[in-house]
Each structure stands twice: as structure tokens, then as C-alpha cells.
Amino acid sequence: MCTSTAHSLRSGAGRARNIRVKPAPYTRRQRRCRVTITTELAPETADGIARAVDVLAGRRIAVLTGAGISTDSGIPDYRGQGAPVRTPMTVDQFLGTDAARRRYWVGSHLGWRSFAGAAPNAGHRALADLESRGIARGVVTQNVDGLHVRAGSRRVVELHGTMRRVFCTQCGQVFDRRDLAVRVEADNPWIAVPDAVALGPDGDVLPESTDGFVVPTCSVCSGVLKPDVVFFGEFIPAEKFREAEQLVHTSDALVIAGSSLVVNSGIRLLERARRRRLPVVIVNRGATRADARATVKIDAGTSEVLGAIAAQLPAVG
């Protein structure tokens, strides 16, 4: 088990300082050992980290995360820089026709295989570490990949649901996604063959790839199954958003990591923090909708930055 990580942070004056981190086991090294990893950060990133630490020290933090925190786990950020324009399926389309559900489930199963094989990265582990030390009060995430839970975070508000569960829209029966994946591949063995599914330039499944696909249905009532995620055209459950608001309301600062804040729920949480005059730190590659409203904006990857911030923040008394 790896017990430490070192980041070399260079300030604008060019001086480097090493910071030791004690994160959860470092997945890039499988053997049990003490490993020191040195990452030299750009001067502007190092300066941003130093300013963020000054702002956050002694405060209890609420964290909002988006797709950008999971890219280092191999899960694409479909709103990130250079990502193709996509047209997500709406809930009405999904519920409206068998053809739409066939197309959705083929793509969803391929995505699930990627999710199931992904592991939490240094950013997820840094947030779990901050929570375990009483610094982070919890995480509100727009992601459905479940990586915060797997990293060890205990208080996680999954605004958009989770791919770990599937439910019947008729009788309400809930199924584990892993069990459903076994059923899908048993009914459609060809889907496990590499390149069996044709994808368009935007990454979506082409309709001709869904011919003959057997759509999973409820084993209790034969009703329509739907992943426990918020589709376009659906509202975030009110109780979920109230929980997210309460987390921000009872915190002393807000950190936004890996979100461009395109989704309005994130902006609403940011505005709640600003109304309470809380400092806001944004860590994201590229611009967000709220850069001008941030106390500190760090244009860099979440793994390296969150790890460095976590290493320097003392426990809150």
C-alpha cells in the first residue's frame, strides 16, 4: 500500500516545495510499498493552489463535482474542451418507442462496461481524505459513475442519480445494474464482441447497430426498465436538491471541481454560496460559466490540484 505522494509546486519565483500527501492506496502501483511521485506543476497552477489553501484553511467545505473529476479514471467528459456535440435522449423519447429504448440500452450497456471497469482517481481519493479528516462536509456530484462512493466518501449527494441501479417504471422494483448487465449479455451475446456496435462521430450508437437487440424488461411485471439517472427533460428530485442545498448552507466554503457549470443546478448551488458570502474555489480545465464569480479559479486537472490542496489543509478544530 502506498503511503505518500509528493507534488513539487513551483511558485512564480521559481522555488519548488515538496508536499507530502497520505492518500488512499495509489492504484497506479499494485505492490505494497512506499512510493514518492513528483509532479511539477505550472507556476500559475501552483500559485492558484497556494491561494486556494489560504482561502480554505480552517473552513468546513462543501464540494460540487462534475464530469471533469472522472476523466483521469478513463470516463470521457462529453462537455469538455474538444468534445463532440451530442444530442442526449430525452425521457419522453426513451419512454415513447421500443426503437428508442433499443438504441439507448445498447449505448448504455457499452457505457456501463466502461464505468464498471473504472477506478477512483487521486481527485476522488483526495475528497474522501478531506471528509475523513473533518474538512469536507460532503460531496454533491453531477456524475452517475459512483466513483466517489467507491473512493470512500460517505456523504455523497448524487444529483443526477446513479448507474448502479435500474428500476421498473411500472411496479417500482429496483435491480442491481451488475445483475442486469449479465442478463443483457446473455440475451445479446454479440454485444460483447469488439467493434460489434457502430458509433457515429459524436459517440452515439448508430440505429443499424440495434437491430435484433433484446431490450431488458422487468422480471417481476415485464414493465419498462429505466436506469436510476436523471434524463434530459426530467427534474432533479426535490429532496435530492434540498439535501445539496443544505450541505452548502451548513458549510463555510464551496469547492467546484471538474464542472463547467453548464447545468443550472450547479449555478444555483454557487449562488447560494455567494448569497452567504462564502469563498468559492473552482478547479476545472477550461472556462466555466462562473469564473468571474469565483474567489479562486485554477485552470488545471482536478487530480493533481485536489491532491495538493488536501495535502496542505489542516484538520478543522
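Every residue gets a Cβ built from N, Cα and C, even glycine.
Owing to the predicted nature of the structure, the values given are computational and were not obtained by experimental measurement.
The range from 1-20, 21-40, 201-220 that TrEMBL describes as region 'Disordered' is residues 1-20. Each residue contributes its Cα atom, and for HIS160 (active site, proton acceptor) and CYS218 (Zn(2+) binding site) these two points are 22 Å apart. When secondary structure is read from DSSP and collapsed to three states, CYS171 (Zn(2+) binding site) falls in the coil class. In the predicted structure, the domain 'Deacetylase sirtuin-type' (39-317) carries a mean pLDDT of 91.
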